[in-house]
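Taken straight from TrEMBL:
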- 16-35: transmembrane segment (TRANSMEM)
- 55-73: transmembrane segment (TRANSMEM)
- 115-135: transmembrane segment (TRANSMEM)
- 142-161: transmembrane segment (TRANSMEM)
- 173-191: transmembrane segment (TRANSMEM)
- 203-224: transmembrane segment (TRANSMEM)
- 236-255: transmembrane segment (TRANSMEM)
- 267-287: transmembrane segment (TRANSMEM)
- 293-317: transmembrane segment (TRANSMEM)
Amino acid sequence: IPLMCPSVKVKVTQELLLTLALGQVLSLLICGIGLTSKYLADDYHAKTPVFQSFLNYILLFLVYTTTLAVRQGEENLLAILKRRWWKYMILGLIDIEANYLVIKAYQYTTLTSVQLLDCFVIPVVLLLSWFFLLVRYKVLHFVGVGVCLLGMGCMVGADVLVGRQQGLGDHKLLGDLLVLAGATLYGISNVCEEFIVKNLSRVEFLGMMGLFGSFFSGIQLAIMEHKELLKVQWDWQIGLLYIGFSACMFGLYSFMPVVIKRTSATAVNLSLLTADLYSLFCGLFLFQYKFSGLYLLSFFIIILGLILYSSSSTYVAQDPRVYKQFRNAGNAITDTPTVGPLEPSVTYTSLGQEIEEEPRIRVA
């Protein structure tokens, strides 16, 4: 294999830095979501996780679903619904309940616990990517993941040393279990999102999430939270918190597919591990948290893990017999000869797609 020329090395380095920067933008949005949710739940007693998600889905509907509606041809909203409506309906329900469980957890446990336990999404994404996206990892990738989780351990240790309390309630275990369940559903949603944005389009994914998310979350809101919504003491401060939450959530949904397409669902979730550190910095000014040098150490360890993970390619065993299941039933399918063993034919890197030896199979 020929060595990379200097210009290629510079480009790879630039791509790596851009990947890290994009991941930190997502972490800042996660931090904003966590802070606004915690303020609403603790300071204003607004226990409305479904309503908060509903606002985000309405924004997605207004921007992306309407974009699909005015398109022509096979990318039109009606054409997509005709071919794949039930798949997006299931994915929409998974995404709704993931948001509901995690936002609901802020009522029972601490901000730090939510964001620390939310890293459970990483092993979920790794397993699902291996079995369903056919991603094949190298030892360096597992080392990178391990280093990132070590950084999270340092953050937990810092929490213990400074004795930071954030309104610990009597139902912390329930809150922690809600986070773990939500993280599992987030892992499923993220892997499906990666497949869609890399084989179909970002606008299609967001448009379908806006359509089915607003519909089903609206039903859930009417059934479960209409009384809680009436209890909210509306004023300009609560209004700003809801607006801030919706803006961060909409930004996260709109921006995450862009980052996932450049990298992978696993790399994105590793980048999000730094969100807790940003929450700490906000807490230093907002909640008078104590500071520990372990927080900075954990940040640099997580960044090191991200660099290790992003510095090597991941192989995708592109088996046409597996990918056929995602094709549309109404379209003609040309069978691929199955003589002989099928070898991995496509490689991806965390920094982008490499030159392919064979063309990728695109889902119609």
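Using N, Cα and C of the backbone, Cβ positions are placed for all residues, glycine too.
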Same chain, outside the transmembrane segment (173-191) by at least 6, Cβ under 8 Å from its Cβ: which residues?
91, 94-95, 97-102, 104-109, 113-114, 117-122, 124-125, 128-129, 132-133, 260, 265, 268-269
Which one of these stretches, 55-73, 203-224, 236-255, 293-317, has the most C-beta pairs shorter than 8 Å to the transmembrane segment (16-35)?
236-255
Surrounding residues of the transmembrane segment (55-73) on its own chain - C-beta under 8 Å, 6+ positions past either end:
79-80, 96, 99, 203-204, 206-211, 213-214, 217, 242, 245-246, 249-250, 253-254
